[in-house]
Amino acid sequence: MASNKVNEKLQLAEGVHMPVIGLGTWTVFGERGNAQQVKNAVKAAIDAGGRLIDCAWNYGNEAEIGEALQDKLNEGTVKRGDIFITTKLWDTHHNPKLVKRALQDSLRKLKVDYVDLYLFHWPVSFKDGDEIVPRDEHGNVIFSYHDHLDTWKAMEECVDAGLAKTIGISNFNSKQIERILANARIKPVNLQIEVSPYFQNSRIIDFSKSHGLTVTAYAPFGNPARPWKEADQPNALEDETLQKLADKKGKSVAQVILRWHLQRGLAVVPKSITPSRIKQNMEVFDFELNEEEMNTIARLDRNMRVYVEPIALSHPDYPFNEPF
């Protein structure tokens with residue numbers, strides 16, 4: 001049973017603690033966000049007490065995030081040690097020779113000397129280089145094939161070099177995680193995966209926790225604004241059951257969902273470019289969901305994954321063909 005109490009940080013390693021709620025910064029699709037909006041979002045998150053900024057090389061906005069961070073550091077609002085920065089190794093940089101360079105590129109853009117957590121973003125490799133999705137003349141994605149263990153060793157060397165305090169994985173299945181754990185010199189400390197009320201992903205969460213990994217939920221509301229959403233697919237933010245719970249608590253549906261994630265023992269990185277929503281997303285520590293309410297949300301699960309990564313379906317390392 002999940003506790004209704006929530007710690008505001010999760011311990012990743014000795015001396016490294018990650019805030020349990022932060023700002024997701026994936027700005028692709030409908031709510032794209034221009035450079036100024038990205039900067040404003042980061043500043044709004046920090047002003048609202050947010051101390052976790054979740055980034056990635058392929059999001060294409062690390063430079064803007066870095067400028068916003070620098071502004072807040074220069075103001076004296078926060079110190080570097082107050083902010084937990086996550087970024088991610090993209091699919092075109094899995095070649096061990098490219099890993100350190102890719103992280104250094106992210107650090108340069110973010111204007112910091114290290115990240116607190118560096119994640120292996122996806123277990124599928126694309127053609128080496130800096131083109132986010134390399135394609136051939138027929139429009140097909142050009143795959144590459146790098147052993148996860150070789151890439152992981154290069155990530156371990158980033159820790160050795162002081163460029164990352166900790167390393168982790170994202171979108172890996174249980175078999176892929178087991179292989180990393182069995183061979184790693186520096187163990188992964190975090191798994192970032194899709195989790196929402198309609199896709200609760202319980203098996204891999206339980207598996208990861210049993211192996212000592214913390215878990216971060218992305219797309220915590222199921223990304224209802226996604227352009228590939230089908231008309232008959234439900235929107236968790238409009239769910240009647242969740243709305244009744246929100247009304248009962250005097251909170252928004254989004255806040256109830258975020259609180260549910262936290263009481264499951266997860267960290268969560270909701271994405272928004274709207275300062276008022278960003279502030280609201282941080283205000284989830286002043287109420288609790290009881291066991292019955294947690295169970296009510298648990299019954300909403302539809303096993304509805306929305307990030308299936310269709311461009312990688314035919315890659316041998318595609319993660320979602322396994323049960324979990």
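In case you wondered, yes, glycine gets a Cβ from its N, Cα and C as well.
Because TrEMBL annotations are produced automatically, they should be read as predictions rather than curated entries.
Listed features, source TrEMBL:
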ACT_SITE  Tyr59  active site, proton donor
BINDING   His121  substrate binding site
DOMAIN    21-301  domain 'NADP-dependent oxidoreductase'
SITE      Lys88  site 'Lowers pKa of active site Tyr'
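Recorded features from TrEMBL, shown on the structure.
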| residue | record | CB count, 10 Å |
| --- | --- | --- |
| Tyr59 | active site, proton donor | 20 |
| Lys88 | site 'Lowers pKa of active site Tyr' | 27 |
| His121 | substrate binding site | 20 |
**Request:** Rounded to the nearest Å, what's the C-alpha distance separating His121 (substrate binding site) and Lys88 (site 'Lowers pKa of active site Tyr')? Just drop the number here, would you?
**Result:** 5
**Prompt:** How big is the gap, in Å, between the Cα of Tyr59 (active site, proton donor) and that of Lys88 (site 'Lowers pKa of active site Tyr'), rounded to a whole number?
**Reply:** 10
**Rounded mean pLDDT for the residues that make up the domain 'NADP-dependent oxidoreductase' (21-301)** = 96
**Fill in**
Under a three-state DSSP reduction, the secondary structure at the residue listed as 'substrate binding site' is coil
